[in-house]
Each structure stands twice: as structure tokens, then as C-alpha cells.
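Enquirer: Below is a structure I'd like to ask you about.
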Amino acid sequence: MSSNECFKCGRSGHWARECPTGGGRGRGMRSRGRGGFTSDRGFQFVSSSLPDICYRCGESGHLAKDCDLQEDACYNCGRGGHIAKDCKEPKREREQCCYNCGKPGHLARDCDHADEQKCYSCGEFGHIQKDCTKVKCYRCGETGHVAINCSKTSEVNCYRCGESGHLARECTIEATA
């Protein structure tokens, strides 16, 4: 998610505190402890190895900002115009995933990896990120090299004004604070 998108709905043009989707923590993520996050739909995200889930249509493989749907869809029936709690269709059962390892078929309390450390860089168990031997590039997300040696160019965004092409230290807009 880029710095100029709402944390709740993934759309640009407003911040989470001004989100038109309303109440509470909306459809964003809430902290789960142990370094992972759980979406309001019950999906847990503990590493980049888990699939992307779109919060607009509920499908995997893309995020809401890349979704073809113009309006949010009901997570139960997939149609627009209402949300799952107001859906008239029978509730569709979904397989829950373990909050620890992200795999279906068991709960976190029954997970074989419950007491193991998980690396947030490679997603493997048994070590933490600072001890990981698989270096990961923060520019392209691939393993095997670091950002300074990355051949892929990336668009830089200014944290002050949100525009691309320059950094905050190069920004011509006055800081307001």
C-alpha cells in the first residue's frame, strides 16, 4: 500500500480517519500480536509468502487497489450493493487458516510451529529476520540481493507532499507542523 492510500479501504484521496467506509477500524488490518495482522474477514497475514487477498471482491491474487470492480462486493455472495452481514443468501463456509503459519486445517493453538520463531524476511520458521541468510531486496521484493545492488528502478515518493519523483528532503513544499 502506498503512503497516499487510505489504510482502511485502500483508495486514494483521503486518510483512514476520514474514510467514508465508516466506523471502527473498517476493513483495514488490526494487530494480532506476534508480529502478524488479521484482516476483519479472519485472514491472517504474517509474511509476504501468503497470498494477496483483495478486500473489495474477496478474491486472492491481487489487492483492492488493483481490483477491476468499481464497488465493493459482498464477501458472502460476491454481488455488489450490500455487505456480508446484510446478505440474504445462506452463509458461505470458508476454511479458516491458522493464525500462526497461515495454513488451513488447524488452529493456532494446535500448530506445530506455535513455539518457533518466524522470519519476516523469508517467511520460514526457526530464525528471525536479523539472523536470516536469505537477503531480501526492499526495492523489488526478491531474495538474493539488497536494494543498493538492485537492477530494477523504482519510483520514489515524497513523504511530505505524496508526489512521485523526489524525496522529502528535495521537496519544494514547506513542511506544516
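Positions of Cβ are set from backbone N, Cα and C atoms, glycine also.
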Enquirer: Which of the listed residues, Arg27, Arg92, has Swiss-Prot annotated as omega-N-methylarginine?
Expert: Arg27
Enquirer: Look up Arg11, Arg79 in Swiss-Prot and give me whichever carries the note omega-N-methylarginine.
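Expert: Per Swiss-Prot, the residue annotated as omega-N-methylarginine is Arg79.
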Enquirer: Labelled omega-N-methylarginine in Swiss-Prot - which residue from Arg25, Arg34 would that be?
Expert: Arg25
Enquirer: Per DSSP, how many helix, strand and coil residues does the zinc finger (135-152) have?
Expert: 3 helix, 2 strand, 13 coil
Enquirer: Can you work out the mean pLDDT of the predicted model over the zinc finger (117-134)?
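Expert: Across the zinc finger (117-134), the average pLDDT comes out at 84.
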Enquirer: In whole Å, note down how far the CA of Lys8 (N6-acetyllysine) lies from the CA of Arg79 (omega-N-methylarginine).
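Expert: Arg79 (omega-N-methylarginine) to Lys8 (N6-acetyllysine), Cα-Cα distance: 21 Å.
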Enquirer: What is the one among the modified residues Lys8, Arg79 whose Cβ has the most other Cβ atoms less than or equal to 10 Å away?
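Expert: Highest number of other Cβ atoms within 10 Å: Lys8.
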